[in-house]
């Protein structure tokens, strides 16, 4: 979105005011064409720290197809995690430690920076060369690459536009990486 840019220091308050004023009854210009229902409430953030994602859905009211997106995303929980929290991808790999793989338990370590599919959950069995894709996609908010703020949303690497990256368009704020 061309209107999007880094928000000014007062933007979080403006953003909070927007969230308090928005509801399913508040309809944007984009909704008023009669084909879309109003945007629903924002979901819980996918993470409590370290940057996550929240989404909002809307429903097509037409028997024909509607033009536009039925889901939008925004970044959330953009505070640093405490050091003891560990790496988010590593947490997802270790969740499989108590699940047998080919009849054996492994301690799984994250495989990061996969250029072909940075949003799949690939893990390596500790002390072996065994690398396995344990899930086709990581949880929303997982960094695509270790040295980047870009994050995986619904299995796709999305360019991070920064914290509170919102733009006002057609009567409402869009707060999301391009989807």
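Going from the start of the chain as shown, residues are counted 1 onward.
Cβ atoms are placed via backbone N, Cα and C, with glycine included.
Residues or ranges marked as disulfide bond by TrEMBL: 45-76, 49-81, 60-66. The signal peptide feature in TrEMBL is assigned to 1-28.
Non-local contacts of residue 45 (disulfide bond) by the CB criterion (under 8 A, 6+ apart in sequence, same chain) comprise 52, 53, 54, 76, 77, 141. When the disulfide-bonded residues 60, 66, 76, 81 are scored by other C-beta atoms within 10 Å, 76 scores highest. For residue 49 (disulfide bond), the same-chain residues lying six or more positions away in sequence with a CB closer than 8 A to its CB are 77, 79, 80, 81, 82, 85.
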